[in-house]
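Undergrad: First the structure, which I've put down as structure tokens, then a few questions once you've had a look.
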Amino acid sequence: MKRALLIFNCLLLAVGNCGGPLIMRLYFVHGGKRVWLSSWLETGGWPMIFIPLIFSYFHRRRSAALESSESANKTKMIFMKPRLFLASAVIGIITGFDDYLYAYGVARLPVSTSALIIATQLAFTAGFAYLLVKQKFTSYSINAVVLITIGGAVLALHTSGDRPAGVSTKQYIAGFLMTLAAAALYGFVLPLVELTYKKSRQRITYTLVLEIQLVLSFFATVVCTVGMLANNDFKVIPREAAEFGLGETAYYVVLACSAIAWQGFFLGAIGVIFSSSSLFSGIVIAVLLPVTEILAVIIFKEKFKAEKGVSLALNLWGFVSYFYGDIKNNKTNNLQLQLHKTEATATQISSV
């Protein structure tokens, strides 16, 4: 079941990680200018999480009803305790500011450059995972980190002179620094979520993971809502929709799709942490960046140079390295567990 959840959350993360940046860039390319609005959309789809939570509740209630009607009436609706709620709220506030940093960068930089900078997130994730959750590194995970980091660096070879039209040098530099800060901050958030799981003092189930994501996204959205109010974004939306390059209806479709894609990203990210680790979540995010590059070539007609092909190969190689190492490590652990059980059984027989 845990392996199935890992695959499911990897798929969610893949859709969000590839679709989110492209849809956000589509908004800016065709006339969108509201950075706080784009930030809000990254977590504004949080009410969608109520759907699986409601299904989960009625499933538990039905299962309890098979035992007795009294058990069904005692079915818990909420598993989250105050300690975990507070931790999720703090992470949500941090995520809200990270949303703004990232959206600002996407508004000022081409997809290829922002993807390059975000690739550095893996290095930040690895460092913070080591400091916060004492992540153990194997030769396979180290190899994966090195390969994927190099894959991101290779993209730097084609970024000279890629400043979009209408963006000043000052804005370009600001976008570069903001995106780098976003990579560092989210590299901190992923291990922080894993640390929250470990320090929660309660059993972490996938239903509880959904509750954590709900609280996290809600508080991140509150931060972005305050930013939108301060920037008068809500008043500007109707006028911006009317002037949108693809049409007014397409404007609202882009906003809705952006919210759905980004919610898939965040839910997939914390789901992968639940099923594996924060480091693996960072590796999945990094390995998908070249895929985003290829989609950008198709959608925005960007040039696909040799550096992008090399980066894609290195990222896939790193992903396979980590995944192979994880499978091998699980087999070794299972063999050791069986060996311990055999030794314990032999000891009991000899004592008798």
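Glycine is no exception: its Cβ is also placed from the backbone N, Cα and C atoms.
The transmembrane segment annotation in TrEMBL covers 35-58, 84-103, 115-133, 140-160, 172-193, 205-230, 250-272, 279-300, 306-325.
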Undergrad: In the same chain, who gets a Cβ under 8 Å from the transmembrane segment (250-272) while lying at least 6 residues past its ends?
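TA: Contacts with the transmembrane segment (250-272): 5-6, 8-17, 19-20, 23-24, 26-27, 32, 37-38, 41-46, 48-49, 95, 190, 193, 206, 209-210, 212-213, 216-217, 240-241, 244, 280-281, 284-285.
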Undergrad: Quick test of the contact rule: Cβ under 8 Å, at least six residues beyond the ends. What residues does that give for the transmembrane segment (35-58)?
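TA: 20, 24, 27-28, 75, 77, 92, 95-96, 99-100, 102-104, 106-107, 207, 210-211, 213-214, 216-218, 220-221, 224-225, 227-228, 230-231, 233, 237, 255, 258-260, 262-263, 265-267.
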Undergrad: Using a threshold of three or more Cβ pairs below 8 Å, and leaving out pairs closer than 6 in sequence, do the transmembrane segment (115-133) and the transmembrane segment (279-300) count as in contact?
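TA: Taking Cβ pairs at least 6 residues apart, the transmembrane segment (115-133) and the transmembrane segment (279-300) are in contact, with 3 or more under 8 Å.
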Undergrad: With CB pairs under 8 Å as the measure, which of the listed stretches 115-133, 172-193, 205-230 comes out on top against the transmembrane segment (84-103)?
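TA: Answer is 205-230, with the largest number of Cβ pairs below 8 Å.
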Undergrad: Counting only residues 6 or more past its boundaries, what in the same chain has a CB within less than 8 Å of a CB in the transmembrane segment (172-193)?
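TA: For the transmembrane segment (172-193), the far contacts come to 91, 94-95, 97-98, 101-102, 104-109, 113-114, 117-125, 127-129, 131-133, 135, 163, 212, 269-270, 273, 278-279, 281-282.
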